[in-house]
Amino acid sequence: MKLSCGTRFTFLVLFLFAAQSVAVYAGSFHKDVQIHWGDGRGKVRDRDGKLLSLSLDKSSGSGFQSHQEFLYGRAEVQMKLVPGNSAGTVTTFYLKSPGTTWDEIDFEFLGNISGHPYTLHTNVYTRGSGDKEQQFHLWFDPTKNFHTYCITWNPQRIIFTVDGIPIREFKNSESMGVPFPKNQPMRLYASLWEAEHWATRGGLEKTDWSKAPFTAFYRNYNVEGCVWANGKSFCPANAPWFTQKVDLEGQKKMKWAQSKYMVYNYCTDKRRFPKGVPAVCT
């Protein structure tokens with residue numbers, strides 16, 4: 001079929017519009033993020049922008065943020081955490097909106113003294129309210145090699161995965177009175193900072209600054225999402241992550257991870273919720 005000049009022009013306009021509406025990043029730290037704090041402690045380590053490091057010393061930590069904001073998407077990165085005595089340090093990869101009634105979806109890695117495991121802390125905030133923590137110990141040493149961490153956020157659910165294994169599914173339960181982040185575009189952030197007053201055993205283990213600087217590495221940053229621009233976000237229903245859910249095989253893997261490696265679940269914390277744990281927990 002031969003297309004007229006007018007038809008070809010129309011197809012080109014539609015193609016360019018779609019390309020602007022949906023961002024699919026192969027991922028470059030040079031192009032896609034800004035190291036927005038740390039006074040030189042955050043560094044892109046290679047020409048192609050595939051590897052970035054964040055460092056922490058007694059004066060400051062460091063962090064980066066995405067240039068774009070997203071309303072729904074899939075964010076993935078590989079990380080290698082601070083080795084050795086990392087007590088008091090927190091290494092993060094998360095989504096967050098601005099303001100005092102913000103939304104947020106968290107991966108936070110709480111350091112520990114040598115020979116003791118990291119705690120992977122997950123949480124979901126809606127309109128400034130969190131209190132939905134689930135924590136895990138990992139089935140590997142996250143300081144020896146890079147491992148893949150992914151947040152999938154769509155209108156139906158938020159899925160946290162580690163090396164392709166779902167560890168948590170936070171479902172949209174608005175119909176049952178549980179708020180769900182759906183209205184505020186979020187930016188991607190990562191950071192390495194000090195929180196010795198709470199991060200390790202509730203603050204019992206302090207940061208050993210003689211081991212500083214502490215350094216964590218990020219590589220293969222990849223975002224597929226709906227860019228928020230001019231007050232709008234265009235999110236096509238045919239993007240796989242937009243309707244993604246945890247299938248039967250994924251449910252089995254998630255049950256395995258939660259039964260063997262979950263160390264805290266707000267849904268079962270009766271001491272914290274003496275009047276009754278939340279009726280709907282995900």
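Cβ from N, Cα, C; glycine included.
All TrEMBL annotations are machine predictions without curation.
Database features (TrEMBL):
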{"type": "SIGNAL", "residues": "1-26", "note": "signal peptide"}
{"type": "ACT_SITE", "residues": "E104", "note": "active site, nucleophile"}
{"type": "ACT_SITE", "residues": "E108", "note": "active site, proton donor"}
{"type": "CARBOHYD", "residues": "N112", "note": "N-linked glycosylation site"}
My understanding is the cutoff is Cβ-Cβ under 8 Å with a sequence separation of 6 or more in the same chain; which residues meet that for E104 (active site, nucleophile)?
Y94, L95, K96, S97, N123, V124, Y125, G130, P181, M186
Report the same-chain neighbours of the residue listed as 'N-linked glycosylation site': residues 6+ apart in sequence with Cβ closer than 8 Å to its Cβ, ordered by sequence.
S86, A87, Y118, T119, T200, E205
Mind giving me a neighbour count for E108 (active site, proton donor)? Other Cβ atoms within 10 Å of its Cβ, every protein chain shown.
19
